[in-house]
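A.B. asks: Per TrEMBL, the feature domain 'Kinesin motor' maps to 3-326. Among the features that TrEMBL reports, ATP binding site is placed at G78, Q79, T80, N81, S82, G83, K84, T85. The annotation coiled coil is assigned in TrEMBL to 332-393, 549-615, 702-829, 866-963, 1001-1123. Here TrEMBL flags 488-509 as region 'Disordered'. Feature annotation from TrEMBL assigns compositional bias 'Basic and acidic residues' to 488-503.
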Amino acid sequence: MDRIHVTVRARPLSPEDAKTSLWRISGNSIFIPNHSSIFEFDQVFDENGKTSQIYETRTKDIVAAAVSGFNGTVFAYGQTNSGKTHTMRGSKAEPGVIPRAVQDLFEILQQDVDREFLLRMSYMEIYNEEINDLLAPEHRKLQIHENIERGIYVAGLREEIVTSSEQVLNLMEFGESHRHIGETNMNLYSSRSHTIFRMIIESRDRNEDESTGSSCDAVRVSVLNLVDLAGSERAAKTGAEGVRLKEGSHINKSLMTLGTVIKKLSECVESQGGHVPYRDSKLTRILQPALGGNANTAIICNITLAQIHTDETKSSLQFASRALRVTNCAQINEIMTDAALLKRQKKEIEELRAKLTGFRSEHLEEEILSLRNTLLQSELERERIALELEEKKKTQGEWEKRLHDQAKRIENLSSMVLFSNRDESVKYTKKEKRRGTWCPGNLSQVHLKDVHSSIHTDVSTSEPIQPKLEMGPLVPFNELIDKDFNVDDSCKNEEDTKGDANNDHNLPNPRALLLVTNRKRDSSWKKRLSMQEDNEYLQQQSEYDSLRESEAILVIKRLQEQINVLEMEKLSSQQNLDTVYDLATEQNVSAREKIEELNNELIKAQEAAQVANEQLISSQTDENVDFIASVSMGIEDVMSEVQNSKEAVQSVILMIDDATKSFSTLCHILLGFKTSIFQDSAGQKLIFNNCQKLNSCLTQTISELENQKILLDSQLSNIQKLLEESKLDAQSSHNSLLERLEQQELENQELISYIQTLEKEVACLTSSSVAKEKETLRKDLEKAKTRMKETESKLKIAMQEKTKLEGEKASAEREIKRLHGQNSRLERDISKRDSLAGKSSKMFDTQRPKDLAVSLEEYKKLEVFAFESETRIASLEEEISAALKEREEVISINEALNSELEDLTEKLRTSTSEIYDLKEEISAVKQRSEESDINQKKLESSIKELMEEKEEFSMQLTNALLEREEERAIWSAKEKAALLGIEEQARSNNEKITSLSTELSENLKIKISTVTEERDKLMTEMEDQQKHIMEVELLLKHCQDELSREKDHMKELSDKISSMEVKMHADKVTNINETAKLRMMLRGTQAKLDAYRLRYKEAIEESDSLKLKYKEASEKLKDMLRSQGLELMDLKKQLAAVK
């Protein structure tokens, strides 16, 4: 708390004035000898004092403090022609305060290397209570505004950025050329306006790492005001008239408000809740921060010691002595930005990081790893169950296909047996000369060899190895059968030793068809036989004809037995299929139960993860390690899934091998039938389907891998989104806190300003308005009383005049009556005389002219007297009527005055009672204002606490954000590496799959080309079997529907599991340390805010009630004053009319 520094400077006197001067200067005091009043100041300079000495006393320190961030104000005060402008501006020989301050300011800025500065300059004048911009003369009648950021400022004022003292002085000279200056009797160049020269200084620390963009310290903003006031003057001495008189009245008015402000501040009225009239003048409003506010202030009081100006000098010294008692509270004006706060809190953030790294807990890490391992194991079990279900579905489908094939084969066998007998009979009847013999041996072997080679031309380049039968006589049928089967066994052994050239896709041996069919001999066989062989053949043909029927019957019986065996196998396979289906349903139920158990375990694991996340409040670096471990585990899971898919493919291949083996056994049973070709084609179709299934399985595994990759990408994106959302939530909460704090500050300031305005208005009402109104009312009452007395005296005089007038009227009436009587008498006399004259005309002719002349003169006299009397009577009547009117008016005025006096007395009584009520309300308002001040202090303390909490919160936020960014970078790098590995594996798998698919497609193309040739022959047989196929397809559709339902159920379960995983990740993200702390902070702040809101609502309600009471009282007073003013105006008019 520093008081205003006051310096007194006396203007040099002429020798004559020096002889007659009464003032004496002694040290830092000035006085008049033999007089009780002595004025003491900080520094007093006599006529020999220099401007440099005045500048060095205090102004130089104010300029230096302004560079450090303190506001400063220096102004010169005094009467006109006392040297104020000379002190502030000076001359070339002796520069004034403003040029010296500008020069020192730039010198100090050059010396201060650690900070960088920005200077702005403005120059304004207050002329006739209007603000004009001297740097932009077109900017006139500017307005004063106030806000929280800039404080009190002049809107539209030009501010020039300056870089040197010469530029400032040139701009100041430009502004001085537009200043209002006039001539008076006391001064040739008298300032007719107040000027304010303002320098705005902004500065911040200059850092070495400025190029990196980290120089973001707090900004200091200070204002230096150098004010040249216009001098107080008397119109009698200056001889001001017209414009000069108007200028002088505005100057005196503004200086008078400045004096009242200084007086109020010296008496500490503001601290006692009183009103300081800053707004009464634009000068005091602009300089409000310098007068008892946030600024270092110095006053240079310029005086003249001449005897003529003793009164003006004494008033100036009284003003300066009052200013000595005014105290200011100067503070550094520093604007803190978010960047500055972050910069200041970096050290604390680093310390907190060190603390966080010190508080790691291995136990929590182990728990989290164990929980995550359990989760991974549960996921692996779920996937294993799904694979088992798929394998079961595949085996079931294969069983159904096998049953379907067996049923087809049985029908083919039964049909072929029937058609064979018909063919034999038809062919035998069509022979003309030669018989169709049934001749097994080399003939059949050669023929079948050709057929077999024609079928397998594209499958194998080597001819089938078959033993040749010896040429000779025909062999019996039983021996032929045994021989054929032995040959078949030898063929099988040779095919096994040859290798898997056909890969289990060889057609069944067509030699078995010789047991049933009756073939014709080929033309080539006829050429090779000799005549001897023909004879033997003819002899044995007869034997064969006898045995043919019995052997055919035996063959048919064997075939029927084989058909029965196949039907039994079909029934057994159907039963096996039913058992497999039951087992699959049971396993499906068990799988569902296991899935439910896994879901329960997942829920438990999620709860455990939440507990672990809550325990991980102080160690977020551990979470990075865990997350990396989880990612690596995920990659290992993908690798294991790939291996599982490979194992599944191998198992499928083994199953295919088993299927081919079983198919070969069935083919060996049915080797003797024509339908073996169709059966082999069906087997090829099965193999083709199996290959397609292999391809589909591989594609499914690839698609699953891709889906898992997509899931991983989606999880990454979700985690990134959650991180961004958490950042946004933190920023929004931070912004909401800032907004709430700003709203609280604004509301507090509004309350304070409202309370201050109430106090000011109440003080105005109590101090000025009520006293003035009382005095005016008393004066008006006294005037009314005097006027009543005057009117009463006038009424008395009027009554007396009225009585006189009435007497005169009565006398006039009497005289009128008398004159009327005389007139009537004269007329009678004239008439008598005329009559007598006529009679005696003859007698008195000589006397007649004399009498006539006398009578005419008397008659004229009488007429004149009558006219005068009539005029006198008319004037008297007019005077009487006027007097009557005046009497009536006076009576009405008297009555009105009496009624007005009664009303005024009643109004005075009511006004006094209301004044007492207002005083009581004012006292209550003061108490409430004191209570609100206490509450305001409490609110300020709580706001400081909130600001500290906000700083801690911002530190934590920055910590978390930095750590999150580091984690995100590490995680993204590892993720990229894992994805590259997965992509490489997928590429290798794709290459393998493509190679396998190409090989299979080539083999299949070769086989398909052979099968298409035979397809035309077998289409007729396929039509008969389609009915059975339709039935089987219906069964398959039913099974597929059930399988699709189970698949849908499995998909639902997998979706639920994935949703649970997503929820678990979301819970992990949301239950981190920052959100927990933020919630705790928000809860505390919300509770405090609720308490503050309640208090604020109570204060608002109290202020509203006070407003209502104050409005009602003010309206009542205004109405009373208006009515009293109207009544007084009426009284004045009536009195003026009476006068």
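Cβ coordinates come from backbone N, Cα and C, glycine included.
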A.B. asks: Which residues does G78 (ATP binding site) neighbour through Cβ under 8 Å, counting only same-chain ones at least six apart?
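C.D. replies: In sequence order, K84, L229, G231, S232, C301, N302, I303, S316 meet the Cβ cut-off.
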A.B. asks: I need the most crowded of these binding-site residues: N81, S82, T85. Count other C-beta atoms within 10 angstroms of each C-beta and give me the top one.
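C.D. replies: The largest 10 Å Cβ neighbour count belongs to S82.
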A.B. asks: At a 10 Å cut-off from the C-beta of K84 (ATP binding site), count the other C-beta atoms across all protein chains.
C.D. replies: 26
A.B. asks: What three-state class does DSSP give T85 (ATP binding site)?
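C.D. replies: DSSP assigns T85 (ATP binding site) to helix.
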A.B. asks: Relative to the Cβ of Q79 (ATP binding site), which residues of the same chain, six or more apart in sequence, are found under 8 Å away?
C.D. replies: G231, S232, E233, I303, T304, H309, E312, T313, S316
A.B. asks: I need the neighbours of the ATP site defined by G78, Q79, T80, N81, S82, G83, K84, T85. Which other residues of that chain put their C-beta within 8 angstroms of the C-beta centroid, in sequence order?
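C.D. replies: The surrounding set, listed in chain order, is R11, A76, N187, G231, N302, T304.
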A.B. asks: Sorted by position, what residues of the same chain at least six away from G83 (ATP binding site) have a C-beta under 8 A from it?
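C.D. replies: Listed in sequence order: R9, R11, N302.
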A.B. asks: For Q79 (ATP binding site), what is the secondary structure state per DSSP, taken as helix, strand or coil?
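C.D. replies: Q79 (ATP binding site) sits in a strand per DSSP.
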A.B. asks: Give me the mean pLDDT over the domain 'Kinesin motor' (3-326), rounded to a whole number.
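C.D. replies: Over the domain 'Kinesin motor' (3-326), the predicted model scores a mean pLDDT of 88.
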